[in-house]
Amino acid sequence: MGDSDDEYDRRRRDKFRRERSDYDRSRERDERRRGDDWNDREWDRGRERRSRGEYRDYDRNRRERFSPPRHELSPPQKRMRRDWDEHSSDPYHSGYEMPYAGGGGGPTYGPPQPWGHPDVHIMQHHVLPIQARLGSIAEIDLGVPPPVMKTFKEFLLSLDDSVDETEAVKRYNDYKLDFRRQQMQDFFLAHKDEEWFRSKYHPDEVGKRRQEARGALQNRLRVFLSLMETGWFDNLLLDIDKADAIVKMLDAAVIKMEGGTENDLRILEQEEEEEQAGKPGEPSKKEEGRAGAGLGDGERKTNDKDEKKEDGKQAENDSSNDDKTKKSEGDGDKEEKKEDSEKEAKKSSKKRNRKHSGDDSFDEGSVSESESESESGQAEEEKEEAEEALKEKEKPKEEEWEKPKDAAGLECKPRPLHKTCSLFMRNIAPNISRAEIISLCKRYPGFMRVALSEPQPERRFFRRGWVTFDRSVNIKEICWNLQNIRLRECELSPGVNRDLTRRVRNINGITQHKQIVRNDIKLAAKLIHTLDDRTQLWASEPGTPPLPTSLPSQNPILKNITDYLIEEVSAEEEELLGSSGGAPPEEPPKEGNPAEINVERDEKLIKVLDKLLLYLRIVHSLDYYNTCEYPNEDEMPNRCGIIHVRGPMPPNRISHGEVLEWQKTFEEKLTPLLSVRESLSEEEAQKMGRKDPEQEVEKFVTSNTQELGKDKWLCPLSGKKFKGPEFVRKHIFNKHAEKIEEVKKEVAFFNNFLTDAKRPALPEIKPAQPPGPAQILPPGLTPGLPYPHQTPQGLMPYGQPRPPILGYGAGAVRPAVPTGGPPYPHAPYGAGRGNYDAFRGQGGYPGKPRNRMVRGDPRAIVEYRDLDAPDDVDFF
């Protein structure tokens with residue numbers, strides 16, 4: 001029995017050893033290295049055998065259920081969690097067990113952090129899988145870190161002690177100027193060949209871009225004047241309760257911009273009739289038609305089953321499907337009448353396929369990505385539905401081929417030019433040109449245009465892109481075909497761009513007040529003056545200088561605008577009645593605060609204001625109430641997408657202070673739009689290194705005049721030899737005039753970039769400042785950064801999760817006085833479970849008693865500091 005028990009115990013222990021993790025295998029190897037002399041543990045084996053015999057009879061045929069092994073033999077096995085889970089601040093652990101897990105709460109032990117300032121870990125390894133999926137380069141090379149400007153204190157260390165303070169300040173200012181000049185030149189050389197940079201500053205590209213922008217602006221102006229002449233603006237008010245009429249007007253403007261005719265505008269009336277002709281039992285689909293750019297009634301019936309599947313997934317689509325949630329009412333009735341609705345759908349699709357050709361394919365493409373995921377339990381139903389959908393698709397296609405024959409001599413059907421399908425590309429590398437994307441997407445039918453956003457310096461000048469297609473295409477099929485295509489080692493990874501959910505959005509209803517409306521008329525007129533002059537929209541010729549602001553504008557909507565800016569007062573009546581000062585209250589003060597007034601609405605002023613705001617929105621793509629300009633809107637999928645209007649009337653009375661505060665805040669927001677594009681003065685440009693074209697040409701000629709020997713000179717551009725340098729110079733100007741022109745254009749290219757006060761640049765990296773005496777910051781947060789829950793993901797150090805929000809984690813508040821070390825022992829590098837203990841309240845404030853079970857470092861240095869002593873911080 002002894003030998004069999006030996007084997008029994010060994011097998012039991014080996015079984016549990018095999019289930020242990022790598023953390024315990026080193027101990028297993030150590031034990032086996034010492035040999036399998038189990039007689040040394042006879043005391044333990046005997047004790048366990050006796051304990052089994054005392055409590056029950058031993059039976060070999062009976063399956064034993066063993067409790068976990070004893071603690072002195074191995075760590076307890078009932079929990080798959082290590083000791084540092086409970087004691088995350090234990091300094092004895094090496095910190096290298098889980099390098100992929102993050103330790104929160106503060107600085108960590110372990111390998112040193114990457115180069116550079118801790119605020120600049122952009123696109124680090126922990127976000128690579130996500131970024132690679134979204135279309136960025138698979139392996140991102142951060143390259144050489146950009147140089148950081150020295151602080152004045154660091155600069156003083158490089159100077160001799162004999163330099164006095166005035167000279168040191170002067171030298172430091174010269175150093176800063178040289179540093180910025182060098183940074184600017186390096187940036188120019190790094191990006192001069194990229195399309196976005198050349199289109200902004202190169203003289204040839206700038207001219208083309210201005211001409212295209214001017215042509216698009218004049219087209220929008222013609223559309224606005226056409227709509228105004230046909231009476232589209234006569235009874236239109238920019239109030240939230242007129243949202244349907246506003247959307248209809250925006251759609252009409254888009255149809256006109258796309259080259260549509262009055263006949264094409266009839267489709268807006270047809271859509272409205274179809275919406276009103278819906279069944280009374282069904283929920284109203286007018287709002288849905290607004291939000292999704294007006295889907296037809298026949299389209300909805302055709303895809304009735306798709307809507308039923310979508311109802312179960314509405315919770316995932318918060319922002320895009322607000323209006324569709326109404327469909328969930330009466331799902332039971334829809335399910336009971338499923339077969340009838342399918343038959344009606346087929347009939348309606350046959351009747352309306354001439355008006356809505358290709359709508360079925362759009363419906364499949366316009367649903368959100370989350371709705372495209374299929375469930376395994378519905379495989380058979382989906383297969384049947386797919387077959388039916390294919391049959392329904394084939395019928396419209398057959399009739400589409402017959403349609404041109406029938407309509408050859410008949411009236412043309414109105415085209416839905418205001419509806420489009422589009423793809424969104426999140427990350428487009430700066431070295432990819434628009435022409436490359438256009439040539440790639442032109443292969444697919446229905447392609448219309450490409451829009452690219454401005455490059456983002458914080459994302460390595462990557463851009464976002466939108467590719468617009470005709471409404472009749474199957475956008476999901478095109479998206480799938482483009483999914484794995486790479487351009488210049490960059491994955492495009494397109495996604496289907498959803499339709500706008502709320503095209504009309506409202507702001508505070510206080511904007512209906514008469515005083516605010518009059519102020520808005522003044523600001524809107526000033527904006528129109530500024531934008532018209534900047535774009536030279538009303539100039540007779542492109543070369544004509546803009547009209548001075550003192551002269552009346554040729555813009556017809558500004559005619560007699562001053563009549564509405566003059567406020568009429570009853571001064572004589574007040575004098576006769578004996579009013580000493582200020583206008584008398586229009587009505588006796590009611591109960592409550594007498595300083596409060598009712599919102600007074602003047603319909604005449606509002607009508608004048610709305611015409612100005614529509615001019616800004618349609619012609620200049622400026623949303624007045626949102627105080628922003630929509631750039632490149634002509635290239636976007638929606639050429640007139642969103643507009644902000646006045647909200648409902650405030651239910652309560654308003655104070656005079658609220659009116660003044662609103663006006664002041666609104667004018668501050670509009671200031672950037674009113675300001676003229678800034679450029680450097682001549683003096684500042686010279687300091688920054690402005691280049692002279694003549695000097696640069698001389699440098700070019702000198703560098704291409706090489707002396708080979710006595711009376712022997714070479715022109716390296718052509719390889720010809722001459723007897724003197726003057727002959728080489730004459731040869732270059734005569735035979736290489738295009739090279740001279742290139743030099744002059746390059747100088748103008750650089751000077752255009754230099755004189756732009758808002759020129760793009762790398763994000764400035766500021767050295768870390770020591771915390772001030774009253775500065776309290778969460779761990780891992782540096783001055784100038786937002787709080788952890790607002791910090792961009794790319795700005796977090798490598799391998800660490802976001803630090804706890806202020807007041808909720810370990811060391812959430814640092815001591816006000818800087819000490820020699822951290823307030824608490826640091827969490828080890830890669831603390832398990834994301835340092836969950838930090839969120840359980842261990843150490844919410846300095847001085848809180850620590851958990852007695854947590855082992856502290858016995859070698860911790862006891863430090864004494866005079867709290868009354870001034871901080872050892874130098875200020876310059």
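Glycine too: its Cβ is placed from the backbone N, Cα and C atoms.
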K150, K176, K419, K710 - the residue Swiss-Prot records as SUMO2 cross-link: K150
In Swiss-Prot, the member of Y8, Y55, Y109 to which phosphotyrosine is assigned: Y8
Phosphoserine according to Swiss-Prot, picked from S136, S158, S718: S136
R505, R677, R833 - residue that Swiss-Prot labels as omega-N-methylarginine: R833
Of the residues S472, S540, S579, S655, the one that Swiss-Prot lists under phosphoserine: S540
Among ranges 195-214, 775-794, 835-854, whichever one Swiss-Prot labels region 'Disordered': 835-854
Candidate nearest K150 (SUMO2 cross-link) in space, where candidates are the modified residues S493, T671, S679 and distance is Cα-Cα: S679
Rounded to the nearest Å - Cα separation of S493 (phosphoserine) and T671 (phosphothreonine): 38
Proximal but sequence-remote residues of the same chain as S679 (phosphoserine) (Cβ under 8 Å, at least 6 apart): T755, D756, A757
Modified residues (S493, T671), the one with most neighbouring Cβ atoms at 10 Å: S493
Neighbour count (Cβ, 10 Å) for K150 (SUMO2 cross-link): 16
For S679 (phosphoserine): DSSP state (helix, strand, coil): strand
